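Colleague: This is the structure I have questions about; it appears just below.
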Amino acid sequence: MAEAISSFWGPVTSAEWCEKNYVYSSYIAEFFNTVSNIPGILLALIGLINALRQRFEKRFSVLHISNMILAIGSMLYHATLQCMQQQGDETPMVWEMLLYFYILYSPDWHYRSVMPTFLFLYGAAFAIFHALVRFEIGFKVHYVILCLLCVPRMYKYYIYTKDASAKRLAKLYLATISTGSLCWLFDRLFCNNISQWYFNPEGHALWHVLMGFNSYFANTFLMFWRAQQLGWNPKVAHFMGVFPYVKIQKPKTH
């Protein structure tokens, strides 16, 4: 989209979205696409505090931190619209999916050191390759494949879940990712029409907000399932009667 005022970051070198650049500040290229990552950071922080407070496995603390890193990378990308910052957004997206893959499949993996070693080397190799080669369509296809690889295990966890509140978390996860994907596609495919409207619905910004909640619901559901596997008697509690989180009761050790 065309620039409205002068740019602090110089010419655009990354992919652009359907939002006018530098409308509100010379320091922020896409204002709504930038600030819409803030809910994701706050939700990940809440999840991290809960994971640390109840002493969940470190993998969940790392997962929440990765959500924050991804949101911060997205903010930097949309604020600057520079190629390097775009790579700083996309590479953590892949790392995060590899982490989800590990959390989902590692409980049933017999060779405990093989999976984390392979995923680490895969993530490092991708980061190097992505830094050297720019491939927009290829990146999207690769990311979708990683997402789809996680679906069978998520579905398995859902159908074996008896707790109604935990099932609701899975449904919220599905609802947010479905609605967010539609917003992403609408913003991407119909930008020429949207740019002529009096009001821009900011589909990509809505995608950020919905994916922030999506990650939180996914993480909370996975924390419930892992606690159940470990015999920690998990329950889905609600802060102020609305906001879900996992509460556990570990067995006493003598």
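Quick reminder: no glycine exception, Cβ is built from N, Cα and C everywhere.
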Colleague: Per TrEMBL, which of 61-81, 82-102 is transmembrane segment?
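Modeller: Residues 61-81 are the ones TrEMBL records as transmembrane segment.
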Colleague: I'd like to know if the transmembrane segment (31-49) touches the transmembrane segment (205-225) in this structure, counting it as a touch only when three or more C-beta pairs sit under 8 Å and are separated by 6 or more positions.
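Modeller: Answer yes: the transmembrane segment (205-225) meets the transmembrane segment (31-49) with 3 or more Cβ pairs below 8 Å.
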Colleague: Test of understanding: give the count of other CB atoms lying within 10 angstroms of the CB of E19 (Ca(2+) binding site).
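Modeller: Its Cβ shell of radius 10 Å holds 23 other Cβ atoms.
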Colleague: Could you give the Cα-Cα distance between E30 (Ca(2+) binding site) and H78 (Zn(2+) binding site), in whole Å?
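Modeller: With the alpha carbons as reference points, the distance is 5 Å.
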